[in-house]
Amino acid sequence: MAELGFEVMGLDIDEAKIERLRRGELPIHEPGLGEVLRRNLDAGRLRFTTSYEEAAAFGDVHFVCVGTPQKKGENAADVSYLDAVVESLAPHLDRECLVVGKSTVPVGTAQRLADKLVRLAPAGAQVELAWNPEFLREGFAVHDTLHPDRIVLGVASEKAEKVLREVYEPLGDVPIIVTDYPTAELVKSAANAFLATKISFINAMAEVCEAAHADVKLLSTALSYDERIGGRFLNAGLGFGGGCLPKDIRAFMARAGELGADQALTFLREVDEINMRRRARMVDLARELAGGSFHGCTVGVLGAAFKPNSDDIRDSPALDVAVTIGRQGGRVTVYDPVALDNARKAHPQLSYGTSALDAARGAHVVLLLTEWQEFIELDPEVLGSVVSDRKIVDGRNALDPEVWRAAGWHYRALGRP
Ligand SMILES: NC(=O)C1=CN([C@@H]2O[C@H](COP(=O)(O)OP(=O)(O)OC[C@H]3O[C@@H](n4cnc5c(N)ncnc54)[C@H](O)[C@@H]3O)[C@@H](O)[C@H]2O)C=CC1
Ligand SMILES: O=C(O)[C@H]1O[C@H](OP(=O)(O)OP(=O)(O)OC[C@H]2O[C@@H](n3ccc(=O)[nH]c3=O)[C@H](O)[C@@H]2O)[C@H](O)[C@@H](O)[C@@H]1O
C-alpha cells in the first residue's frame, strides 16, 4: 500500500516484530519485500505501531489480516484473533472509516463482525465493514499484491465499494468483482479448495501410476495441453502443506457442516486424505531404500519449508516426513536455505546441516522434499562423493532421473516407475 503511494501504518501486538519492522528488517523470508519495506520507510510513507489508539486516529481504511488457524483438535477455524482486533480497534473509532477484512474466514464471519463493529464503535454506523479476501502466494507476495489476478470486494454499501475502488485504483486494470459478504468469503474458501483438489487429483493419479508402473510426470504433461485442465498446480509429489491450504479445506468442511451442507464437501475429506497418504508413501519409499528399516540408517533431508522461497514451516510435508523417519529410528539431518531457524525451534530433536552437502554427508538415503532451486541444480557427482550410498528419493519430481541414474544413483520418485 505504501508502494502505491498511500500513507501507511502497520500494527501488530507482537512488539518484537514491530521493532524489527521499524528497523527495516523483515520478520519473515519473502523475496523482494525487504527492499519495498526499506524504500517506503525511507520515503516516510510507512510506520509501525502496537497502539490501537494511534492506528484508529491515523487510518481512514483499516485492513485486518490476522491469523485464522485451525482450532486444536478440531477442523474448524479459530476466528478469535479477528474478534480481538474488532474489540481493540472499535472503541477508538470516533469518526467515519472503513474496516476491511482480508483474513480467510468461515462464511458468516463478516456479518457477525460488522454487527459487532457498529455496536462497539463510538461513531456507530459511520464505521463500516467490507470483506476483501487475499489470494497471494507466499514466495510471490510482492508480485501477487502489485499484480493480482482479480480483486473481490464484499461490501454492504456503494460507499464502501467506492472507497475500495479508490484504494485499488493505482493497480490499474484488474478485474474487480463486487459481491455481498458471504459470496466474498466463499470465493476464498472455494479458490483454496479448488487448488487443493487439483493437487490431490494429480497425486491420486500418481498412486494409480505407482500401481500400474506408469509415469505421472508424463501423464500431467499430456493433460496440461488441454487448456481446460492447464498445467499449473499439477505437480505430483509430496503434496500440499503450509499455513493455508490444509487448514482452509478443513475449516470449509466444518463450516459447511454447521450450515447443514456437509454432503456438498465430503470430497474434500478425500482431498485431505490423498494428500496425507503421500507423506506416508514417502516414508515407505525411503524405508524401502534403507533396506526395510531405518535403524542404523542415516537420512539426509533436503528442505524444511513447506515450499521453496519461503521460511514458513507450518504443516510442512518435508518436516513431517523428517520427524516421522526420526521417530522410526533413522538418524536424520535436515538442510534448508532459509527455514532452518524455524525448523530448529519447532523440532530440536532433529539434526541440522549447514549446507545440502553437509546434510547428505554419510547418508544411506537422500530425500529431496522441498524443491529449492539450489537442490535442483545439485551435481549428482558432487553429492555422490559425500554420501554413503547413492540413493535418492525425489519427493517433488524436480530432478532429471536420467542424469541421476547415469551418475550411478538409485533414483526413486513419487508416481514414477
Ligand atoms: N500467508 C499467506 O500467504 C496468506 C494468508 N491468508 C490469510 O491471512 C490471514 C493471516 O495469515 P498469516 O499472515 O499467514 O498469519 P500469521 O499468523 O503469520 O500472522 C498474523 C499476525 O497477526 C498478529 N496478531 C495476532 N493477534 C493480533 C491482534 N489482536 N492485533 C494485531 N495483530 C495481531 C500476529 O502477531 C501475527 O503477526 C489468515 O486468515 C490466512 O488464512 C490469505 C492469503 C495468503
Ligand atoms: O490462502 C492462502 O494462504 C494462499 O494459499 C496458497 O498459497 P501458498 O500456501 O503460499 O502456496 P502454494 O504455492 O499454493 O503451495 C501450497 C502447497 O502446495 C504444494 N503444491 C503446489 C503446487 C503443485 O502443483 N503441487 C504441490 O504439491 C506446494 O509444495 C505447497 O506445499 C494459494 O496458492 C494462494 O492463492 C492463497 O492465497
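Heads up, the Cβ atoms here are built off N, Cα and C, so glycines get one too.
If you check TrEMBL, you get these features:
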{"type": "BINDING", "residues": "ASP12, LYS17, THR68, THR104, GLU138, LYS247, ARG314", "note": "NAD(+) binding site"}
{"type": "BINDING", "residues": "PHE135, LEU136, ARG137, GLU138, LYS188, PHE233, LEU234, ASN235, ALA236, GLY237, GLY241, LYS307", "note": "substrate binding site"}
{"type": "ACT_SITE", "residues": "CYS244", "note": "active site, nucleophile"}
{"type": "DOMAIN", "residues": "300-401", "note": "domain 'UDP-glucose/GDP-mannose dehydrogenase C-terminal'"}
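Features as recorded by TrEMBL, highlighted on the structure.
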| residue | record | contacts (Cβ under 8 Å, 6+ apart) |
| --- | --- | --- |
| ASP12 | NAD(+) binding site | ILE18, LEU21, PHE48, THR50 |
| LYS17 | NAD(+) binding site | PRO27 |
| THR68 | NAD(+) binding site | ALA77, ASP78, VAL79, TYR81, LEU82, SER103, THR104, VAL105, LYS247, ALA251 |
| PHE135 | substrate binding site | ASP144, PRO148, ASP149, ARG150, LYS188, ALA191 |
| ARG137 | substrate binding site | ASP144 |
| ALA236 | substrate binding site | ILE202, ASN203, MET205, ALA206, VAL216, LYS217, SER220, ASN397, LEU414, GLY415 |
| GLY241 | substrate binding site | PHE306, LYS307, ARG314, ASP315, SER316, PRO317, ALA318, ASP320 |
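Contacts of LEU234 (substrate binding site) defined by a Cβ separation under 8 A and a same-chain sequence distance of 6+ are given as LYS198, ILE199, ILE202, SER220, LEU223, SER224, in order along the sequence. With DSSP classes pooled into helix, strand and coil, the tally for the domain 'UDP-glucose/GDP-mannose dehydrogenase C-terminal' (300-401) is 33 helix, 18 strand, 51 coil.
Note: the CA-CA distance between GLU138 (NAD(+) binding site) and CYS244 (active site, nucleophile) rounds to 10 Å.
Every protein chain shown contributes to the tally, and the Cβ of THR104 (NAD(+) binding site) ends up with 25 other Cβ atoms within 10 Å. The binding-site residues near ligand 2, defined by a Cβ under 6 Å from one of its atoms, do not include any of ASP12, LYS17, THR68, LYS188, ALA236, ARG314. Binding-site extent for substrate: residues PHE135, LEU136, ARG137, GLU138, LYS188, PHE233, LEU234, ASN235, ALA236, GLY237, GLY241, LYS307, maximum pairwise Cα distance 25 Å (rounded to the nearest whole number). Taking the binding-site residues LYS188, LYS247, ARG314 in turn, the residue surrounded by the fewest other Cβ atoms inside 10 Å of its Cβ turns out to be ARG314.
For ligand 1, the nearby binding-site residues are THR104; that is, of THR104, LYS188, ALA236, these have a C-beta under 6 Å from one of its atoms.
Proximity of CYS244 (active site, nucleophile) to non-local residues of its own chain (separation of 6 or more, Cβ distance below 8 Å) is seen for THR104, ASN192, given in sequence order. Packing around GLU138 (NAD(+) binding site) is summarised by its Cβ count: 22 other Cβ atoms lie within 10 angstroms of its Cβ, all protein chains included.
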